[in-house]
């Protein structure tokens, strides 16, 4: 872990930090213009997250799928692939875990729970494997195919729920308690939040990504192919196979994220008419987190905190919760303009020397 | 007497290094002045200062005797300074004329006057003997022609001082001769030229005077007629230079590489290697001489399993490896120093250490049951860095931040250390300075002495003549002759490379 911290280049760390600050500042300006008090707004966010156990618990709860989605995007990115299909992989994983829990509801907890979690991961893997295969064999660009896979997931899950797992309220039945990640203990600890054991899965996933990429020969290969497919090929690596593997592993992370929602937060899956948005936020989380495991945790915490704290911002400062989405968008915008920030910092420091 | 360009006491500092330290450069009117130094000596920085891309921290610039402040390339253009960049800045889909007038188009009634543009380009081209067709598209003309378009661009903008930034790096031997003729013609027509180079041969062929810089410092300026290659080389490197000559006795052993009746297609499905036969023995360096684009690249890519073989067979050490996977061929004993070291030879965003095990990372002792043994890798990297004198702060440094010469040393270290039976070296010293060339040539000869088979591909005839035990001349995808380097010369090779077969020269 110490080594992990050392790897970070302080200059590159500057971009996300400054982006966050600029995003929050711009958000404040917008609030001022509309006539709200930004200090009160931000104060209520910070106070709720850190002082009210319920919101602390909800923040961590919201982090779980965000971090897993972020890891999925970051992992593919390390191999030079842009996985926009995290959303679809997540939905596939969500349904698979819920379906598994319901269908095999008679099994004991020690088998059913891990089986349902794995089912989620496997469905995500399949949803990542297909675009990987298409890219490796037919050179179909993964951005196109993963977007399409998102729609297939959206409507296929709706179809399956409606025809095979339907219950009142446009959703699946609730999963049996034996497959549930929910915990009365954690709920009590956080004054009734929906915090569940899934955070352990997320932590394992964070460590797993770091371990796979930097400690295994496969990870070495994946990173090499990501940086330079040409040099990797010259060195005798199988570039196609690595593309498939990368998207599959990425899909596992995303599928697990869905399983956490299905087995933990909600205990069922509704018929979605639109995307959950978690997968797309995962892109932002990965981007802000510089595609590193630790960075994904930090940026996941930030986004989860903003989303959860945004609710209290509305009740305490009267600021509409939609403003949080604007702030998140602004942060992403500034991260995207990272080059400009680096350039500006370069200018400033050079001026400072003179 | 006033100079065309006089740069006095230029100092330019970057965070951590002084790129130019009190450099003075005086270029007389109507001369070809060589700016000579190793890679990273500060040549490009100095020229970027002159061209307005950098501002000097100290020092003054005089153009035709008058003090000049050059804030950006537009100022430089206005003062008549033009730069022919090493990497061309041309638009492929545009014609020659369109590229030349871009940014300063002749107009008639506010509309683009293409006829006039073509006429101007034609006139300029004829005046300086450039022989360029204004109506051809850039993508359809050779690299040599593209360079002439770059020259025309500066002439069109009225430059009378031309900076050539390592212009011969991308050219074939014949194109180099033509370029030298063009430069002489330009000078005759009253232009002054600064030639940035680290190649001795060019300096003695066309320059009048020379300024040597080393590690950002001015070493000396002199007339070419008053110096000789050995002195100049020592001056550049800062020590005595030993030219590596393949003096080990030629004792060919068993056949290591056997290529028979090989045919290979390129991307456009055109056959570029045609029924080619070639054998390389252990204990010899076989040089392949030929003009770029005669199938060299496709031949070695086919040997390395990177390109499909259409017909024929490739055997290494008796083992048939035709159309096998690259990894299998590497494991069978292939070492490969690729032509494009940054694109194919290294993962630039990997550390030096990680690059050292690019083919062996999955094998013992670097890995065990799928897990990397980073400590072993680091230890190996440190050992190779020391053994091959790679100048890098540490094995953790990214390959990207190394100089070209040191990047190449990383590749050579990695390939030689694996002790391959067959070592392919494609353009192994392209763009490197004398020190690095000397080192890499030494390593190739060492491999030969160890009884390995070395296949050398180079467009530098000197390199081929110095190192090879046998020279195979490739032309239009065929080996048209194999000659003994001791019984041939550049002229004969040049003729063969142009496809003119000579009787009785077969060895």
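Heads up, the Cβ atoms here are built off N, Cα and C, so glycines get one too.
The feature transmembrane segment is assigned by TrEMBL to A:12-39, A:59-77, A:110-130, A:142-161, A:197-214, A:243-266, A:278-303, A:323-341.
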Given pairs 6 or more apart, does the transmembrane segment (A:243-266) have at least three Cβ pairs under 8 Å with the transmembrane segment (A:110-130)? yes
So are the transmembrane segment (A:323-341) and the transmembrane segment (A:12-39) touching or not, going by 3+ C-beta pairs under 8 A with a sequence gap of 6 or more? yes
With the cut-off at Cβ under 8 Å and a gap of six or more residues from its ends, the chain residues touching the transmembrane segment (A:59-77) are 49, 83, 86, 89-90, 124, 128, 142, 193-196, 198-199, 201-202, 205-206, 209, 213, 226, 246-247, 249-254, 256-258, 260-261, 264-265, 278-279, 281-283, 285-287, 289, 291-293, 295-297, 299-301, 303-305, 307-309
Which sequence positions outside the transmembrane segment (A:142-161), separated from its termini by at least 6 residues, show Cβ-Cβ distances below 8 Å to it? 76, 81-89, 91-92, 94-95, 99, 127, 130-132, 134-135, 171-172, 247, 269-275, 279
